[in-house]
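Chemist: Here it is: the structure, laid out below.
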Amino acid sequence: MLVPLHFLAVGVGAAAGAWLRWLLGLKFNVSGWPWGTLAANLGGGYLIGLILGLITLHPEWPAWVRLALVTGFLGGLTTFSTFSAEVVQYLERGQFGHAAGYAVVSLAGSLCLTALGLATAHLMGR
């Protein structure tokens with residue numbers, strides 16, 4: 001069910017996360033290495049752990065808080081944070097093969113599909 005406050009929470013959080021990612025890129029992606037992107041991804045990995053942990057400690061917090069911070073803000077900042085949380089969940093459950101497999105497939109798949117997307121765009125531009 002779409003609750004207007006939830007819809008707003010995701011949108012505002014996503015805008016803030018995207019703006020931060022953009023600002024990090026402007027400030028730090030200047031030396032040939034994407035330090036701003038790395039900061040967004042690694043920071044997002046830390047923040048999703050922190051936020052999910054706090055939400056677990058505070059079940060009384062309303063749903064819009066999680067939606068604004070996790071789905072919105074971290075979704076706008078990076079989807080890498082969700083991936084990190086999922087791998088850690090496998091590790092916490094002792095599913096080391098699943099964790100490794102998911103990490104390898106996610107990274108290799110993302111790199112391959114990025115290359116494929118670039119190649120497709122190149123072909124479309126001919």
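Using N, Cα and C of the backbone, Cβ positions are placed for all residues, glycine too.
Quick caveat, the model's predicted, so the values are computed rather than measured.
Checked Swiss-Prot, it gives:
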type     : residues     : note
TRANSMEM : 5-25         : transmembrane segment
TRANSMEM : 35-55        : transmembrane segment
TRANSMEM : 68-88        : transmembrane segment
BINDING  : GLY75, THR78 : Na(+) binding site
TRANSMEM : 99-119       : transmembrane segment
Chemist: Among 5-25, 68-88, 99-119, which stretch has the most Cβ pairs under 8 Å to the transmembrane segment (35-55)?
Modeler: 68-88
Chemist: Would you please pick out, from the binding-site residues GLY75, THR78, the one with the fewest other Cβ atoms within 10 Å of its Cβ?
Modeler: GLY75
Chemist: Are there residues at least 6 beyond the ends of the transmembrane segment (68-88) whose Cβ is under 8 Å from a Cβ of it, and what are they?
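Modeler: Residues 9-21, 40-41, 43-45, 47-49, 51-52, 55, 99, 102-103, 106 contact the transmembrane segment (68-88) from elsewhere in the chain.
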